[in-house]
Amino acid sequence: MSRSVSIYVCQSCGAQTRQFFGRCNNCGEWNSIIEEKINQKTDKSIYTKINSATEKSPYRSEPISHTKNQIINRIPSGYKEFDRVLGGGLVPGSLVLVGGEPGIGKSTLILQSATAMAHERSVLYIAAEESAEQVKLRWNRIENSQSNLHLLAETDLELVIKELNYLKPAVAVIDSIQALHDQNLSSSPGSVAQVRECSAALQQIAKRENISLLIIGHVTKDGMLAGPKVLEHLVDAVLTFEGDKFATHRLLRGVKNRFGATSELGVFDMQTNGLSEVSNPSDLFLSKTSAPGISTIVTCEGTRPLAIDIQALLNPTSYSSPRRTTTGIEINRLHQILAVLEKNMNLSLSRYDCYLAVAGGLEVEEPGADLGIAAAIVSSFKNIELEEGIVFIGEIGLAGQLRLVRQMRQRINEVTRLGYKKIIIPDGIHTNEFETNQNLEIIKVSNINQALIVALNNI
Ligand code: TYD
Ligand code: MG
């Protein structure tokens, strides 16, 4: 016998309660809670059944060393940058979720990759958001040759599953999961219940038929993937596609990856005929001009070093408290670096407005950028250009001491590759292997004062 009960589910974070609230207690979102009916079985739970069973359970587990090694033949996505983020290609039978803001280019990226994969294997593109004609229009923009890519414009989960069962493609694309819906549920497409049910059904068929599924998902206004967290737990990899609305470059990042490293970065450029790969992204983020307030750093995104420019502008303030704004860097890091500079170098920065930006719209979260930020600030404050061809790497401690950051070697290699002349790094690393390179001067310093004296040509 079953009895129907109501639960209340937040459409923003997926939290469940037994009572209706105007505001979600978990994520704080207003008017996001809706009622869902569930059938609660009044039978004994499986747990009580198993515990009361008298027969012995059959022996099923085995030592891990006896378990067979599985050889994974990854499917190349057609793009090296995409493969890098996936960890070498798509794993058969895996689910990959690609999230991003509307209009950023998710459908374009996946359509291009699906087209490339369709040269070698069967690929099905399920367009739930757009009509087949709209997808064809986009496809005409990016590719003009023949392709075996199968296209199905459908939003009904049942028909989608039937087609997957019939065609059994090696790869299938769902664009997007929020637009699919299961007729058996009363809630509207995109609601937590729909997303949960649709993704669970897709996962089952993907694992059973060994289909790699590329699922496109939307993000909410805070940049979180829309739909329940359960979706992120269910899939094998979560990638985000992001970029500046005003710039053409797009970044593909791995947030979760069961088959590869996370925080890997792939760089693309949106052009009139689709996305093209950027294999030397340092070119994108360097302004190649010299002026007071510009410094160059090397940051690491996953295993990938990127040389980028930091720009600072300091002006005497005309407000009672100075303005501090940042683009691409956390504001608290700026406050901290300003405080350290003020104390250690006796600069009266508290009477200056400070604006800080990363060139090219990139977000730099790691502390390795600290020294470069400090150099840009002091350079703008003193109105002196930094020496040409100089790169900064290092984290600044509160007492003004410099600390090494991870992956120093990769960063120094990138500096060498790009042909810079000088690099200032924290003390404490053996760099003999790099010192054979006559063109790069490596300067090791232990605190911020020393570093800036070198950088500003002893002024
Ligand atoms: P789209 O892939 O539809 O974005 P999403 O699926 O993430 O919503 O991309 C839409 C944007 O990309 C749109 O503003 C137009 C632009 N675009 C190009 O600049 N060049 C192209 O070749 C294509 C296909 C799209
Ligand atoms: Mg789209």
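Note that Cβ sites are derived from N, Cα and C of the backbone, with glycine treated the same way.
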56-60, 181-185, 256-260, 276-280 - the one TrEMBL records as motif 'RadA KNRFG motif' = 256-260
Taking E101, G103, I104, G105 as the binding-site residues, the residues having C-beta under 6 A from ligand 1 are G103, I104, G105
The answer for which binding-site residues (G100, E101, G103, G105) have a CB under 6 A from ligand 2 is none
What residues in the same chain, six or more past the boundaries of the motif 'RadA KNRFG motif' (256-260), come closer than 8 Å to it by Cβ-Cβ distance?
-> 72, 85-88, 91, 94, 232, 235-238
Counting Cβ atoms within 10 Å across all protein chains shown, which of the binding-site residues G100, P102, G103, G105 comes out on top?
-> G100
Cβ contacts within 10 Å for K106 (ATP binding site), all chains included, total 25
Residues near the ATP site, G100, E101, P102, G103, I104, G105, K106, S107 excluded, by Cβ within 8 Å of the Cβ center?
-> F241
Reduced to three DSSP states, the region 'Lon-protease-like' (353-459) has 41 helix, 25 strand, 41 coil
